[in-house]
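Structure first, commentary second.
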């Protein structure tokens with residue numbers, strides 16, 4: 001009888017130990033072995049390459065480490081003209097990413113080695129800090145020969161001294177680069193080019209590439225002016241539609257007199273010619289009889 005009791009006690013102890021391990025398991029596991037670590041790294045770890053064009057190294061509020069511009073002293077010119085201005089839509093800590101820039105009088109760009117296949121996103125950061133009207137600086141952006149941004153006019157998009165991000169998703173699989181509905185052979189490097197156009201020089205303020213999708217990209221702060229403009233455009237479209245509807249109804253009313261219903265008219269109008277004819281026939285017959 002003692003053995004069964006001992007066996008029963010051992011089983012209870014094992015059950016208690018198992019329950020304790022289940023409760024403390026998440027705390028005992030190290031970081032990176034949990035569910036989040038298994039699903040994927042955080043935003044800073046997802047960024048495979050980042051550059052503060054025309055500026056020094058910087059770590060933004062999301063933890064992304066932007067390295068110093070590798071083109072310094074090699075290609076184009078660096079400018080910190082934007083340091084004089086506050087940049088809308090950007091946090092105060094990260095305005096430096098939009099206040100410095102690199103531009104060139106000819107097409108220029110960056111080379112980024114990519115070792116692993118998968119989904120990636122190229123994020124380009126811009127701010128117009130010099131020109132105060134549109135059609136003063138317009139250029140294209142190419143990625144491995146594909147035009148991913150056409151006729152970029154920063155001022156026309158967001159106005160002066162305002163942050164603007166261009167977000168370009170892409171995928172690299174089986175030696176092929178897919179972007180903007182086009183496919184090309186991928187040889188291990190991404191070539192990001194800022195193409196000289198007819199209006200001034202191409203430029204960029206900062207840029208980075210992350211492994212992930214557009215949903216992983218931090219969004220800029222809302223632009224009150226742009227939101228108001230969009231709301232006004234929507235209201236104008238609604239008003240125009242309402243006016244068009246009212247005008248259409250009005251035109252339908254004024255399109256002409258309604259056609260009378262012949263079946264609804266009074267039959268007495270048909271008796272008038274008969275009475276006239278009868279009135280003429282009686283006197284004529286009387287005259288003929290007297291003859």
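Our numbering is plain: 1 for the first residue shown, then up by one each step along the chain.
Cβ atoms are placed via backbone N, Cα and C, with glycine included.
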Candidate from 60, 165, 200 that Swiss-Prot assigns to the same carbohydrate site as 81, 103, 130, 131:
200
Swiss-Prot lists transmembrane segment for one of the ranges 248-268, 269-289; which is that range?
269-289
May I ask you to report the DSSP-based helix, strand or coil state of residue 81 (carbohydrate binding site)?
helix
Around the carbohydrate site formed by 81, 103, 130, 131, 200, which additional residues qualify by having Cβ within 8 Å of the site's Cβ center?
79, 128, 129, 136, 137, 201, 203
Under DSSP, is residue 103 (carbohydrate binding site) part of a helix or a strand, or is it coil?
strand
Of all the binding-site residues given, 81, 103, 130, 131, which residue's CB has the most CB neighbours within 10 A?
103
Taking 10 A as the limit, how many CB atoms besides its own sit near the CB of residue 200 (carbohydrate binding site)?
16
